[in-house]
Structure formats: C-alpha cells, structure tokens
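Structure first, commentary second.
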Amino acid sequence: MQADNPDVLLDLEEEGEGDEEVDEEVDEEDGESVLELNQVIIPTYGTVPDQQNLHTPEWADFDNKPDSLFFSDGQRRIDFVLVYEDETKMTHKRSNHKKQKRKRQVYESNLINNGLQLEATRSVLDEKTIFVKVHAPWEVLCTYAEVMHIKLPLQPNDLKTRESAFNWFTRLFRVNENIIKPEQEFFTAPFKREHLSNFYIQDKDTFFNPATRSRIVHFILSRVKYATKNVKKFGINKLLDTGIYKAAFPLHDSSFRHLSTDPECPSERYLLYREWAHPKNILKLQPLDFIRKYYGEKIGIYFAWLGFYTNMLIVAAVVGVGCFLYGFFMKDNCTWSQEVCDPSIGGNIIMCPQCDKVCTYWNLNITCESSKKLCIFDSFGTLVFAVFMGIWVTLFLEFWKRRQAELEYEWDTVEYLEQEEQIRPEYEAQCTHVVVNEITQQEEHVPYTACGKCMRITLCTSAVLFWILLIIASVIGIIVYRLSVFLVFSATLPRHVNGTQAIRKYLTPQTATSVTASIISFIVIMVLNIIYEKVAILITDFELPRTQTEYENSLTTKMFLFQFVNYYSSCFYIAFFKGKFVGYPGNPVYWLGKYRNEECDPGGCLLELTTQLAIIVGGKAIWNNIQEVLLPWVKNLIGRYCADARSEKIVPRWEQDYHLQPIGKLGLFYEYLEMVIQFGFVTLFVASFPLAPLLALINNMLEIRLDAWKLTTQFRRMVPQKAQDIGAWQPIMQGIAILAVVTNAMIIAFTSDMIPRLVYYWSFSVPPYGSHSSYTMKGYINNTLSVFNISDFKDVSKPLSPLFGNYTTCRYRDFRYPPGHQHQYEHNIYYWHVIAAKLAFIIVMEHVIYFVKFIISYIIPDVSQEIKSKVKREKYLTQKILHENDLKVVKKTIGKIADKIIEGVDSTFRPKTE
C-alpha cells in the first residue's frame, strides 16, 4: 500500500444482524462519533469491496530476548511502542470499554493503511496489558522524510576544522573518544525521493538513525484519524488523554546498568549513563553530539545551554567569593559597626519604638551582631561586583549566541523553522473556517476568524492579568503578616533596654519577622506554582498556537510572568519599599490605614534582603531536586518492587521501559524555567548577595548530572524533537540582563548605606558640616540618627512601657532636624545631599554599564566568521552536488534518446538488402 494516501471511513450497513446498531454512537467522553466495528477503512485507490474487515496487528509471543529491539522475526526494528489494557481481561467492565476498543481498532487499522507495520505482544507480568510495537518500512520513512523536510547526509564533510588554542586543556575534561567516538560530519540537504541516489546511503537500515525513525513515526501517530464527524478526530495525544492507550513511547536501546546482549546494539543509553549521567563525571565536559544523536536536538540544546551557563558562572563565582572575602576581612575595620557595638556609643543610644504602644525603647548595641554581618555584604566590593555582573551577563548572552550558531550549523538546524516545522495536530483539528490567503489567493482552513482571534487574545490577556494581580494580592498578604506579627514579636521577645540576655543579640523582632515571613513566602510561592502551571497551560491551549514552537514560546512568556511576580515580588518589596515610607515616631505612616509601615534595622534592609534570597534560592533548589529526582526514583522503586514480587520472569525491553516514569508533555520546559528563575536571582539582586553565583554554580554542576541521571535511568525515552535555539528564553534573559543593571544600581543606592556613608565621609565629616579636621567615618552613627522628643508622641503610638532613666529623647533612623529647630522633624540638608548623590549614582552607573554592554554587543558578532563561511561553503557544495548529479541524469537520458534517434535515422536511410 502507498503510505501517503488518505483514508476514507465508510459506513457499511449491517446485514441481517440486530445485535449491533448501524448508526454511530455518541462517545460519552468527548462527544465525538465512533464508527461501528463493521465500518471499514479503505484506501482511496483500487477496487472497493462490499465488505472489508479492519486491519489488525500481527500477534507474537515474547521470544525471551530481553534486549531485543526488533519484531519477533528479528528483522524489523521497533520504532515506537503503544500500550493499552485488554478490555476482555478486565474484572470491572464499563460501558465505554466497547467504544474505546472500536476507536483503537479503527486507529490501528489506519496506521496499517498508512504503511506502518504493527505487532502485538501480551505483557509478561500482567496479562491484561498489551504492547503494540510499531515499525516504519523504508518506503514510509522516505515518504515522510520528504514531507517533513528532514535533512539527511549527502557526502562526508571535507571542510577542515580549526582547533582551539585551549584544545590541549579541554582535552583533559572531555569524554574518552575511544569509548564515545566523535560523530562523522556530513554535508546535508532536505530529503527528496527523486534525489535518492545523491544521498550517502551505505545501508538502508542505518540511513535513518533510531531518533529520526521515532520522530517520523510519532509524526504519523499524531495525525492518523480514529473517528470522524463534523470535525476530524485524530492523533495519539487525544487517545492517550482519553485513556484508550496507556502509553506511547520510543524504546531505550539497552539497560543503563549493562551493555546490551544484542551484539549489533550500540548500547548508547549505557554509554550515556556511564560517561555522562554518573556522578563521577561531574567535572567532565558533556558529550553533546552523542546526547543530540540519542535524544534529539531539543534536549541537546538544553544541556548545551546549561553547560555553557555553568561554565560562565565559574568566573562570576570567583569574583563573587573575592568580594565576599574582601568584606569578611575588612569587617573589623568597619568604623560604623564598631560604633554600634561600642558600649559608650551604641550602648548609650536609646532608639525609639518601632511600633505602636506594645513596642519598647531599645539600645542600639543590640544590633551589634547584625551590623557586623552587614559589613561583609555592604562594602566597596559589592559595588565592584555589581558593575562586574552587569558586564558579565552581557558577555554570557553574546558568547552564547555564538555558541548557539555553531550548534545550529553542526546539528543542521540553521533553516529548521522555515523548512521542517509542522503544524500542531491540535491546530489542524480545529481548522473549520475557510479564508483566502492574501499571497496565494487560494482558500485555506483556519481554526478561527479575525474576530475570533481578537476575542481569544483579549480573553487570554485578561486571564493572565487576573492571575498576576492574584499573585500581587498574595504578596500583600505576606506584607500584612509582617506588619502584624512584628507587634507580637516586639511584645513577647526578651527585649529590655538594660537587659543582658544573650538571645537578644540574635533574635530581634526584625530578625524573627524577616525569617518567618521568608519561610511563609517560600511556602506560598511553591503552592501558587502548582496552580499557575495548570492555569498557564489552559490559557495557552485556548489560544491554539499554530506550531509547537509558537505554543512553547507563548506558554514560556505566561509562565515566566507568573513566576517573575511570584518569586521576585517579596525581594522587590524588601529592597525598594520596606523602610522607605515610615515617617517619624511622632507622625508614622500607616499602611491600609491600620498597619504601621515596617522599619529597617539601623544598618538598613540589605541584610534582610540577603536572608530572603538565601532562603528562597536554597529552599527552591532543595524542593526542585526532591520533586524532580526523589519522587520519580521512589515511584520506580515501588514499581520494580511490585513487579519483582509478582514474577521473576524475563521481561522484554518494551515492558521495562513502560514501568519507567513518563516524561511530561512540556518536556524540559520546567528545567528551563527553573534555571532562568535562578538566572534572575543571580543577576537581579546580586549586589545584596555576592555568593549567589557560587551557590548557582554548585547547584548547576549537580543539576546537569541529576537531569542526565533522571533522563537516562528514571524516565522513558523522549520523542526526539528538532530545535533551532532555546526559544523565548533568550529574549527573557536579555530582558533580565537590562533590568538587572537598574535593580543593582537601586539596591546600592537605596537599600544599602554605601551612598550615605560616602556623603558623610566626603562632605559631613569635615567643615562646614562636620567637626573633624580630616575625612573620617567617626561619628557617622550619631550623625545619621535623628533625635525625637518623647513628649511629642501621639496617644495612638505612645509606648506603654516608660523610658528608663532620665532620658527625654530617643533616636530614629532618618535625616531630620531635631526638636526645637525652626524646621523640627523636617528633612535636613544631609537628606537632600544623600538623595542627590543616590540619583547621580544611579544615572552614572546605569549609563556606564549600558554603554559598555552596547560596545560589547557591537564588537562580538552573533555568528562567527568561521561559521558563516562554513554555512556558505556547505550550501555551495550541496547545490553543486545536486546540480551535477541532475546533469548526469539528464545527460544519460538525453544520450539514450539520441542513440535511439540515431538508430532510427540509420534504419531509415540504410539501403534495403534483399
């Protein structure tokens, strides 16, 4: 049969039988019509008989070869496996089982009519489970390779590759080439059957590698019909969703624990586990070409990006650790911290209560420990590191573009989107409206009209905004918690002005509030993530994108918007809002008219932001590893234990793979999301936490091997997919890189105390504003704490506990005139100097970094000259090969015609002989 002929479903009337209905029955699950068993599938060519049975798969028993990848004849390779449960063996029979069986039989018959070969085998461990093995013959592979524009080798690549100057060094970290041999490079071209002789075919069985075969078969499985009514119903995905099939997957080629017993099997899965996924390889480079060969370009490009990102983090981590060590060793020279801890200075400074009524007066020196810690992070090294990271992120993105261009050339995805990408089956199924193409002036089918498209966009945008507002509402809830619980901690924690309890050094109300709020915020983030994932998928499904790339890009944008607000909102609040609008003790600012705004510690909110980042980044890494690795491992362990308890029989390869965990529909989407969220933490708030790149580096080194281990040992083999780049994640990271410059400049200016200290050192420590003869930081604490007369408290905020001793004033963190001044409690000249310095710093820092980023982006081209030359050379040689071969065919054909003409002329003019 021809593989590219469509099928026609014919309703044949049942003759002389009253048991079965002739009419179509309505499916209770999805409302579609199901054809009766006596309906048949007949190709659109040949003689149509009066009655024809459905084509059914061949049946074969397991041949006790656990590593076999072939049908029972040992010749036809298994390209895909479908799994379902036999309804006749089920103890609880439901009314829809009969309809499901009819659908499956129609679907499998259509697969056979499309040229695929099927063989069914009953499970060794569970007799009600049936495995349908799918094989694509040579003709089918050729037909669909042309339909899908798959690039295949023409001839070996003879271009010389220039070795890197660091080749001797990288060789130390590469995989042993004797174990995993380098892939031979070819010139490639989109496959066409008419040019079959031009392609590099040494063996028909190996010309299409297993990944390409599985990709072609999945393409067919996704488009074959199983029922019709007004709208066509087709595709394996729909059958999986309705439970007609339990699973559909390509096979792993061997066990990951040992080599295959089949001598012809390359045991690529075993080699990947041994040389890539095993923890011993944590310092080795990844065999990217081998990963791409086994899993396809989509997974290959993810691990290439993750490996490149991790390597670039090494530089950032080294600089970050250097800045941290600088702050650590310089903390003993931190003058303002020494003043806070000095009993004669900080011990004699009485601070005003930070909340109404229940809060008491307190000594400044109880914040001694936090001020020492703050000296580590709030130092000159932080400024240097923030500038460095602004440049680093640009270098990372620019060099990744170059690396991505190299992979596009090496993996033949340069023109993938224009040539190979197919329309999603879900989109095709909804194409009921007819429109006229403006370019071709021909009719084509679309799923919605222009008005319908506008309605979908409006509804989806509204839904996205609604959920983002819901996330913001949850953040507001956390803020309300912080404001309300601070009162409780202030009243209950041991805080006395002249007390000596050791706990007060560490457990201040600010610290307790910050830590508990961070933990609650983390829990809320994790819970909301689960909800938002489902919401984003529903919205994107409703949008109905045309191609898989458009679908993933749309989903990526929505998910990142959700996650951006979800993960970063609490950090933005602490960095840019907390403690900024608090008023002063005699006239505090109330939030929502009820809750008094939070204040920062005398050292600022930087340390609290660092705590928030450490809890979220660390907790997120632990949570994700538990969710991604531990859960699949436990599920597989339980499955293997149950299987071993039932039987000790030899289990075939397809059944071993069936008991592995299924890969999600979105594949590596969540892996990308996890890493890009981490990328945001590393860049957006790095000025407050210079150790973030080091933690990210350690996490990523483990993440690469854990993801590899998970793919090779715990999950079924993914359907290989093409990918040209990392999709929408690239512009998202570029947006983060631009925003990171602003956030880090604002953290240094508004969250840290670096600018006020510099203003004091250069302007207010010496005359005319200061009394010191030379520039110094002495007196900084006293100068930056304003004075408040306790008799000016309003009744609503006056503390219940009286002030000990004969003190009549208390201090608070702000730059205001003291009581008795003609402008008492108004901002003083120091405040306006600081504001001007902060704004000037932000403008200068942003413009300098943006200018450097622009210069770097301009100097470093996205595609290297070497790759451009290789692409042009390959196109030239490919066209030359195809053209020359076509000329040979034409010359050969013309030569034969000329010979026949000459023979005819000779016979005409040759004298007759009697």
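Backbone N, Cα and C define each Cβ position, glycine as well.
Here the structure is a predicted model, which means the values were calculated and not measured.
Going by TrEMBL, these are the annotated features:
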- 1-32: region 'Disordered' (REGION)
- 10-32: compositional bias 'Acidic residues' (COMPBIAS)
- 70-288: domain 'Anoctamin dimerisation' (DOMAIN)
- 291-874: domain 'Anoctamin transmembrane' (DOMAIN)
- 302-329: transmembrane segment (TRANSMEM)
- 380-400: transmembrane segment (TRANSMEM)
- 464-491: transmembrane segment (TRANSMEM)
- 511-532: transmembrane segment (TRANSMEM)
- 559-577: transmembrane segment (TRANSMEM)
- 675-698: transmembrane segment (TRANSMEM)
- 726-750: transmembrane segment (TRANSMEM)
- 829-852: transmembrane segment (TRANSMEM)
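As a quick check, the transmembrane segment (675-698) and the transmembrane segment (726-750) clear the bar of 3 or more Cβ pairs under 8 A, pairs 6 or more apart, so the two touch. By number of Cβ pairs under 8 Å, the transmembrane segment (829-852) is matched best by 380-400 from the list 302-329, 380-400, 464-491. Residues of the same chain lying 6 or more positions beyond the ends of the transmembrane segment (464-491) and with a Cβ under 8 Å from any Cβ of it are 353-356, 358-360, 509-510, 512-513, 516-517, 520-521, 524, 528, 532, 535, 539, 558, 561-562, 565-566, 569-570, 573, 591-592, 595-598. Taken together, the residues in the domain 'Anoctamin dimerisation' (70-288) have a mean pLDDT of 85 on the 0 to 100 scale.
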